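Enquirer: Marked as compositional bias 'Low complexity' by Swiss-Prot: 30-52. What Swiss-Prot records for 111-127 is compositional bias 'Polar residues'. If you look up Swiss-Prot, you'll see 28-54, 111-132 marked as region 'Disordered'. Under the heading transmembrane segment, Swiss-Prot lists 6-26, 346-366, 421-441, 459-479, 500-520.
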Amino acid sequence: MDSQRNLLVIALLFVSFMIWQTWEQDKAPKPQVQQTTQTTTTAAGSAASQGVPASGQGKLITVKTDVLSLTINTRGGDIEQALLLAYPKELGSSEPFQLLETTPNFVYQAQSGLTGRNGPDNPNNNKGRPLYNTERDTYVLADGQDELVIPMTFTDEAGNAFTKTFALKRGQYAVYVGYDVKNAGTQPLEISSFGQLKQTIDLPSHRDTGSSNFALHTFRGAAYSTPDEKYEKYKFDTIADDENLNVNAKGGWVAMLQQYFATAWVPASNVTSNFYTADLGHGVAAIGYKSEPVQVQPGQTAKLASTLWVGPEIQDKMAQVAPHLDLTVDYGWLWFISQPLFKLLKWIHSFLGNWGFSIIAITFIVRGVMYPLTKAQYTSMAKMRLLQPKIQAMRERLGDDKQRMSQEMMALYKAEKVNPLGGCFPLLIQMPIFLALYYMLMGSVELRHAPFALWIHDLSAQDPYYILPILMGATMFFIQKMSPTTVTDPMQQKIMTFMPVIFTVFFLWFPSGLVLYYIVSNLVTILQQQLIYRGLEKRGLHSREKKKKA
């Protein structure tokens, strides 16, 4: 296999990967968008087995820290809206990114409460969700204040007192949700806590920020973690098909994911909880947990607690909230390579202070580490090229005798100490690293709206002037012209001729950070080719004159 065939293999693998990604994203039929009023009225019946009721109408209170702005409904205490104040909706916009939303066309809420036999959120105990009382309608984290606490109180008809407390800290996206239950009666109370995330499956146009069909589609859907299964995705269409999750675990978490952002309920690690998914009807899916019952004796008080993550997928901060929560960053099936690569990229950024220059630096590092494989690949291909005259003579001599041809070719390879797969094996090792870098650059929120230099103001967006994709195509064309070839098939020659153009078209819609990586990688390839060819010339395995005549 010569270097141009090698390039063709990479191209075919790449295109096949893109087609597979697009098919995975688009193969499921999409449900119709429904009205929020329909979804809320059906939630109670659909999740009846969990004892989780629907939301109702109550007063909306606002909670604001330096990084979060939450809207909480006093009817049940659900979070119906979450704005991420440090992340603009679009580059240059003063409007913050909205993660949780409750509108006629789309619902994405973080619900929580107390259910079980005597829980106030059990639809059998009340006419609806408990209506909590608060001291104020607005809570704002003041300057010099590090924590904001929002107590909400409710007393049922039997006189039992329930306090639901939200606690938010400065600079944090983890929200503490605690419950104090005081039994004022003469009989024990049986209480379970729950946390549920529900979302409309089909995205309205204003929230559909997915990549183009030529680029990677990051995962959007549910996920969970237990001590036995540290990270499992759960597709929305799986929930819609009623193939629902139903596992018990001590510790773990449940989440809903999208590119760059996530919400997750983390129950107390010392309590066994049931993790579930549910189709709430009308195109709304839910994932949640329900804790094991707690007995509250007469005159006694019990405490229950959980944590809600609502924010960007910042790996080190998520790892502090719960084990394996950092795995929600969608690095695909090569996460075990992408994660250390991102840690290296972040370490480089701590010195350079620019994500674009950090991408350039990590490209040099990765290609430097892979240089021995690249050298072995080029050496093997050079040896194979030198054997081509002997192989051609062998074909002419043996004709259609394939068995003898195979035997003599293997004997020739053995005599010349050439591995026919030597050009492929290094490529097979490099491809996972190549794809892991691809996932890493596409899935890291740190690159969202991150500027580089000159006209590149957002490394997560496409080049507005298409300069980088054209430069990438030019470097690919130059590599192709530099590379020796023994390709004689006219069809392969045509494919190779148009491959830089095809790749340039593909990369027009790719994030500029990813295109930058490919440009630098191609430039490194050009440098490494020159070094390797000079060494091969000294060994008599390569001739520049032959390349010029070819």
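Using N, Cα and C of the backbone, Cβ positions are placed for all residues, glycine too.
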Enquirer: What else in the chain is close to the transmembrane segment (500-520), if you only count residues 6 or more beyond its ends and a Cβ gap under 8 Å?
Expert: 11, 14-15, 18, 211-212, 214-215, 355-356, 359-360, 363-364, 437-438, 441-442, 447, 450, 452, 456, 458-463, 466, 468-477, 480
Enquirer: Give residue numbers and ranges for long-range contacts of the transmembrane segment (459-479): same chain, 6 or more residues beyond its ends, CB-CB under 8 A.
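Expert: Apart from its flanks, the transmembrane segment (459-479) reaches 7, 91, 355-356, 359, 447-452, 499-501, 503-504, 507-513, 515-516, 518-519, 522-523, 525-526, 529.
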Enquirer: When DSSP states are grouped into helix, strand and coil, how many residues of the compositional bias 'Polar residues' (111-127) land in each?
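Expert: Grouping H, G, I as helix and E, B as strand yields 0 helix, 5 strand, 12 coil.
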